[in-house]
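These notes concern the structure reproduced below.
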Amino acid sequence: MLENYKHTTVLLDEAVNGLNIRSNGTYIDGTFGRGGHSRLILSQLGPEGRLLAIDRDPQAIAAAKSIEDPRFSIVHGPFSDLSHYVRERELVGQIDGILLDLGVSSPQLDDAERGFSFMRDGPLDMRMDSSSGQSASEWLMKAEADDIAWVLKTFGEERFAKRIARAIVERNQVDPMTRTKQLADLIANASPFRDKHKHPATRSFQAIRIYINSELEEIERALDGALEVLAPQGRLSVISFHSLEDRIVKRFMRHHSRGAQVPAGIPLTEAQLRSMGGRTLKALGKMMPGDAEVAENPRARSSVLRIAERMPT
C-alpha cells in the first residue's frame, strides 16, 4: 500500500523557492515521486497557474490521483522526454520553471518488492518502471564479468568491481540469484575490506540501479530538454544525491553559463561570433541541507541543489 511508505521531500522549500514562482506561471515537476514539490508549487500558484508533473514509476502515478486540481496534470513516462511532453502541449518557450529531484525515492527504497534495497530482501528488480525493460536479475544472469565490472566501477566507483563481478557470474552459473539479499550477501563476502560506516553492497547496488534505468543518460537528456523549453528567465532547479549526478548537472550549468569558448588568436568576425551563440543559462549557485534537515532525514546528507536561470534570447 502506498500509505505504508513515508517520504520526506529533501530541500523542499529551497528547491521550490529556486523556481521563483509566479502565480500565473507554467511549471514542470519532472520527478513527482509522492508529490511534495508539486503540492508546494500548487500552493503558490494562482487560478491561472499550471503544473505538469512527470514520473515513470506507476506507484507515483497512482499517488498523484490524490491531487484533484484543475491546474495539475501528470504524465506517466521518463523525465528525459519532458521536451516532447511540452511540444505536445504547444508550450515550448513558455515554461517558467522546471524542478528535477534525481535518484531513487524513499518509498522505492523502503518497498522491498521494488528490489532497490540491500537492507530488505525482495525480488532483484531495481526498475523504476517495472512494466518495461530488463530487471537487475535478468541482466546479471546474461552479462559477462567484464561488463558487470565496468558498470560497478563506472557507476558505483566500486574498488573491488572485478572481484565482485567474478563472484556474481560464478554464482549465477550454479544457482541464479533472484533476490536482493542473495546479491547483498555475495557482495559482502566478496569484499575483502569493510567500511564500518557503509554497507559493502552500497556502491554496487547504486551502480546496477543506475545502469538498469539508464539514469545518467536520462539526466543528460532531461537537462537538454529543459534548456529547449524554458521561457526567458525561466528557472531550472535540480537536486542530486551522489557525485555522478551532481557532476553532470554542474558541468551542464557551467557549460551553458559560459557560452562559446573561442581559442585565443583565432580571428573571427562579429557575425561569426554571434552565430556561435552566447550564454544560455545563468548559474545561481548551489545549496545543501542544513544540520537540522540531515538530523531529521539522514538520506538528505548527500543532496545538492543547483539552480540556474534561462538567459533572455
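Every residue, even glycine, has its Cβ placed from backbone N, Cα and C.
Among the features that Swiss-Prot reports, S-adenosyl-L-methionine binding site is placed at Gly35, Gly36, His37, Asp55, Phe79, Asp101, Gln108, with the record citing sequence analysis.
The least crowded of the binding-site residues Gly35, Gly36, judged by other CB atoms within 10 A of its own CB, is Gly36. The Cβ of Phe79 (S-adenosyl-L-methionine binding site) lies under 8 Å from the Cβ of Gly30, Thr31, Ile54, Asp55, Arg56, Leu100, Glu218, Ala222, each on the same chain and at least six residues away in sequence. Classification of Gln108 (S-adenosyl-L-methionine binding site) by DSSP places it within a helix. The DSSP secondary structure for Asp55 (S-adenosyl-L-methionine binding site) is strand. Annotation for His37 (S-adenosyl-L-methionine binding site): same-chain Cβ neighbours under 8 Å, separated by at least 6 residues, are Thr9, Leu12, Ala15, Val16, Asp29, Thr31, Leu99, Asp101. The Cβ of Gln108 has fewer other Cβ atoms within 10 Å than any other of the binding-site residues Asp55, Gln108.
Across the residues the record lists as binding S-adenosyl-L-methionine (Gly35, Gly36, His37, Asp55, Phe79, Asp101, Gln108), the two Cα atoms farthest apart are 17 Å from each other.
Its Cβ taken as reference, Asp101 (S-adenosyl-L-methionine binding site) is surrounded by 25 other Cβ atoms within 10 Å in the chains shown.
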